[in-house]
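Colleague: One structure coming up, written as structure tokens, with questions to follow.
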Amino acid sequence: MAKGLLMTYALWAFGGPVGLHHLYLGRDSHALLWMLTLGGGGLGWLWEFWKLPSFVAQANGVQSWKQRPEEERPPLSLLRFASQMVVGVYFGLVALISLSSTANFYIVGLPLAVGLGVLLVAAVGNQTSDFKNTLGAAFLTSPVFYGRPIAILPISLAASITAQKHRRYKVSAVSETLSVRLYRVGLAYLAFTGPLAYSTLYNTAATINYAAETLGSFLSWFNFFPLLGRLVESVLLLPCRIWWLLVGAPGFNSSQFQEWEKLYEFVDSFQDEKRQLAHQVLGIPEGATNEEIHRSYRDLVKVWHPDHNRHQTEEAQRHFLEIQAAYEVLSQPKKPRASWR
């Protein structure tokens with residue numbers, strides 16, 4: 001049956017963040033992705049407004065793209081590659097929070113979670129990728145940074161590159177009933193949310209503490225890249241801020257939600273901690289004016305520029321990078337701390 005554009009827009013408006021319009025159009029992988037990420041943090045859902053006509057046309061012309069020659073490859077998409085990276089990291093963080101206590105987690109659980117996240121994005125729309133090669137790349141990369149949360153990044157990168165290398169169009173498949181499709185999507189959704197829900201509800205304090213440690217370790221790798229660090233912090237805090245926007249009155253009553261409030265405050269506190277460290281690096285007191293910051297930065301750069309310290313190049317390079325990062329942090333206007341009360 002032909003799909004209607006008006007119905008698609010209606011489902012997008014009223015159930016878009018959970019992928020109702022994608023279920024209607026037969027894009028089950030896209031629907032599952034939206035369910036697990038709330039429409040890509042809301043940004044992907046809004047961006048789709050302009051893409052819905054092409055989605056409907058694709059759904060109505062499903063036979064044409066399923067009959068493409070197998071040797072034809074889809075064009076390379078940087079957006080899809082970046083999405084694979086982000087979702088792979090997201091799946092890895094969820095696995096770290098909910099499954100890290102299991103045996104051989106960093107060799108089996110983590111690469112499996114990251115690889116499945118990458119494959120989910122690879123299967124969006126009329127494309128897919130090679131299951132074995134993508135997961136194989138994830139498992140082969142798992143020993144890099146073994147035992148550390150930062151291991152998520154090389155695993156996700158390797159899996160995303162492999163998925164792009166083996167990208168292809170989906171082949172023709174037998175049409176399935178809606179109940180069968182919903183059953184399969186539901187099982188996948190429960191497989192993702194079940195361990196996380198159990199860990200959260202039955203061991204809330206330990207889960208929050210581990211989440212805080214994991215996020216702290218993960219964010220510490222971005223100290224020398226303040227702009228990227230702020231972007232990562234914003235992405236991590238986005239679900240909390242969306243919840244705050246929806247409920248209207250910040251603050252939680254139950255003890256479990258109060259624990260999550262502490263996690264929000266922990267991640268949000270990185271902004272103040274980075275500014276304090278930046279003041280120490282530049283040797284200026286807190287509350288220093290922009291002129292004082294710039295003067296101290298200029299003086300320190302002259303002292304520690306690698307070209308002026310050829311006898312101690314490595315130490316000079318380290319100090320020079322720290323000074324650059326500190327100046328970049330203090331050059332940005334301080335954001336007001338969000339209050340939950």
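Every residue gets a Cβ built from N, Cα and C, even glycine.
Taken from Swiss-Prot, the feature domain 'TM2' applies to 4-50, supported by sequence analysis. Here Swiss-Prot flags 5-25, 30-50, 81-101, 105-125, 135-155, 185-205, 232-252 as transmembrane segment. Feature annotation from Swiss-Prot assigns domain 'J' to 277-341; the stated evidence is sequence analysis.
Help me understand the surroundings of these features in the structure.
Modeller: DSSP labels the residues of the domain 'TM2' (4-50) in these numbers: 41 helix, 0 strand, 6 coil.
Using a Cβ-Cβ cut-off under 8 Å and counting only residues 6 or more beyond its ends in the same chain, the transmembrane segment (30-50) has close neighbours at 12, 16-20, 22-23, 83, 87, 90, 120-121, 124-125, 185, 188-189, 192-193, 235, 238-239, 242.
On the 0 to 100 pLDDT scale, the domain 'J' (277-341) averages 77 in this prediction.
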Colleague: Helix, strand, coil residue numbers for the domain 'J' (277-341) per DSSP?
Modeller: 46 helix, 0 strand, 19 coil
Colleague: Which bits of the chain, at least 6 residues beyond where the transmembrane segment (5-25) starts or stops, bring a Cβ under 8 A of a Cβ in it?
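Modeller: Hits for the transmembrane segment (5-25): 31-35, 38-39, 42, 45, 48-49, 52-53, 55-56, 58-59, 181-182, 185.
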